[in-house]
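Enquirer: Marked as domain 'CoA-binding' by TrEMBL: B:99-200. The annotation NAD(+) binding site is assigned in TrEMBL to B:Gly110, B:Leu111, B:Gly112, B:Asn113, B:Leu114, B:Gly115.
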There are 2 protein chains.
Amino acid sequence: MTAQVPDAPDGGHGRPVPDATVARLAVYLRVLTELRWAATGPAAPLGHPRTISSADLARLAGVKPANLRRDLTFLGSYGVRGVGYDIHLLTTGISAALGADRSAPVALVGLGNLGQALAGYAGFGGRGFRIAALFDADPQRIGRTVAGLVIQDIGDAGRVCREAGIAIGVIATPEHAAQPVADVLVGAGVRSILNFAPGVLLVPDDVQVRRVDLALELQMLAFHEGRRADPAPTGVAVSS
Amino acid sequence: MTAQVPDAPDGGHGRPVPDATVARLAVYLRVLTELRWAATGPAAPLGHPRTISSADLARLAGVKPANLRRDLTFLGSYGVRGVGYDIHLLTTGISAALGADRSAPVALVGLGNLGQALAGYAGFGGRGFRIAALFDADPQRIGRTVAGLVIQDIGDAGRVCREAGIAIGVIATPEHAAQPVADVLVGAGVRSILNFAPGVLLVPDDVQVRRVDLALELQMLAFHEGRRADPAPTGVAVSS
DNA sequence: GTATGTGAATGGGTTCACAGCC
DNA sequence: GGCTGTGAACCCATTCACATAC
């Protein structure tokens with residue numbers, strides 16, 4: 001899926017931005033933010049550069065320069081030929097394009113280890129969202145404070161999400177709880193869900209679900225590693 | 001990168017399997033395993049089906065039928081026209097192709113909330129890997145038991161990984177510790193790294209790194225949600 | 001000279017549509 | 001009739017190479 005920008009027929013920016021590009025823009029933004037921070041921090045090098053080349057930024061972000069330049073054309077022209085990109089301008093531009101200057105309220109459901117990690121992980125800000133409410137079903141957890149927020153009863157999620165205008169939910173519960181939680185969130189007006197539980201969620205067509213399977217990432221790494229070690233495909237254990 | 005299977009000139013399988021396909025195969029395998037479990041479990045429906053059609057399996061896995069059939073052709077022919085796929089045969093086939101019947105030992109570094117979540121998450125088995133060693137730098141954590149394993153000192157990681165023949169590492173530490181940890185792992189012979197810390201790791205070319213940025217997933221969800229709510233694209237509000 | 005912006009080529013992956021087989 | 005297996009078309013994304021601008 002690509003993000004469709006309705007109509008901007010004439011010059012300048014306003015093309016649909018590919019999903020892959022959006023992901024990389026977020027990476028560039030993080031790198032640039034660190035750069036600016038380093039430049040204004042205590043150990044600011046004299047003559048901090050105001051610009052950066054696509055080659056340098058690409059190296060820091062782990063992509064190819066051509067790919068980066070292509071990505072930036074979706075925002076318009078922030079670069080100067082022969083010179084590079086103005087760091088401040090570029091930062092502002094990417095941030096605006098990503099909507100990272102807003103902070104959409106997010107509900108996080110399930111505060112086991114993963115949920116707590118997410119609550120802490122996302123504490124930064126400047127990323128386009130903020131964790132605004134925490135929910136769990138375990139009475140032992142309800143009422144405790146995590147990352148500055150009190151964990152509330154999942155039973156209250158509908159009301160709370162509606163009142164706070166929360167449109168994004170994160171599910172970090174065990175597998176069996178994921179579907180019921182999704183139902184509650186959808187009922188409360190949530191339109192986008194990030195799901196860390198295994199399995200496919202059933203939701204209305206207009207609700208967007210993004211799934212992250214942590215074990216899958218490891219499984220793929222193990223697969224590639226296995227292929228490296230042992231060329232034989234349908235693996236009968238060879239001598240070792 | 002695609003996984004190159006060197007030579008299987010005659011019949012059967014042996015083509016390079018696209019990365020995207022590998023990821024989906026893992027999903028099919030999980031769905032099939034749950035199916036078989038349900039069929040032999042306490043509430044086994046009478047006349048449990050021995051086969052499944054691409055349409056049904058695709059729906060359960062959340063993909064299109066044609067895509068699934070294309071994926072399965074990389075393994076060879078496990079289906080029967082007019083009937084479907086033999087569930088048992090298909091399960092075995094995918095498992096073998098993915099190397100999910102082996103269990104590569106994995107070292108997990110960093111046992112904060114995320115690390116503990118991963119240690120528990122990956123407890124299943126049948127996924128091609130097993131968590132074999134835990135490391136942390138915090139004396140408060142070293143010696144404690146998580147998911148049946150004792151947390152060891154990161155200083156011992158080199159020796160332990162070498163002795164255990166560990167080729168896969170997971171980094172779930174804070175950002176500032178990621179690079180030194182990667183250096184230690186690479187020094188110990190680790191060839192594949194799954195990195196949950198932000199930032200790019202510098203490693204030798206022959207070491208494969210896979211990065212997962214949890215906040216990035218949320219950021220992309222927020223981006224799409226923002227686009228839905230507010231059509232106005234590039235709000236270059238600033239011109240200072 | 002140096003670095004951006006971009007047409008054009010390339011490569012991968014998905015989807016269609018139907019031939020082939022049960 | 002039903003469903004798989006697959007050539008072909010399509011779409012998206014990356015990469016090259018160079019015209020363009022400073």
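Residue positions begin at 1 at the first shown residue.
Every residue, even glycine, has its Cβ placed from backbone N, Cα and C.
Unlike curated entries, TrEMBL annotations are predicted automatically.
Note that this is a predicted model, so its numbers are computed, not measured.
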Enquirer: What are the sequence-distant neighbours of B:Leu114 (NAD(+) binding site), meaning same chain, six or more residues apart, C-beta distance under 8 angstroms?
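Expert: In sequence order, the residues whose Cβ lies under 8 Å from that of B:Leu114 (NAD(+) binding site) (at least 6 apart) are B:Ala172, B:Phe196, B:Leu214.
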Enquirer: Taking DSSP three-state, what's B:Leu114 (NAD(+) binding site) in: helix, strand or coil?
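Expert: DSSP assigns B:Leu114 (NAD(+) binding site) to helix.
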Enquirer: Of these binding-site residues, B:Gly110, B:Leu111, B:Gly112, B:Asn113, B:Leu114, which are close to chain A by the rule of a Cβ under 8 Å away?
Expert: B:Gly112, B:Asn113, B:Leu114
Enquirer: What does the DSSP secondary structure composition of the domain 'CoA-binding' (B:99-200) look like, as residue counts for helix, strand and coil?
Expert: 33 helix, 31 strand, 38 coil
Enquirer: Comparing the binding-site residues B:Gly112, B:Gly115, which residue's C-beta has the most other C-beta atoms within 10 angstroms in this structure?
Expert: B:Gly115
Enquirer: Summarise the model confidence on the domain 'CoA-binding' (B:99-200) as a single mean pLDDT, whole number.
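Expert: Overall, the domain 'CoA-binding' (B:99-200) comes to a mean pLDDT of 94.
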Enquirer: Return the count of C-beta atoms lying within 10 angstroms of the C-beta of B:Asn113 (NAD(+) binding site), excluding that atom itself.
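Expert: Around B:Asn113 (NAD(+) binding site), other Cβ atoms within 10 Å: 21.
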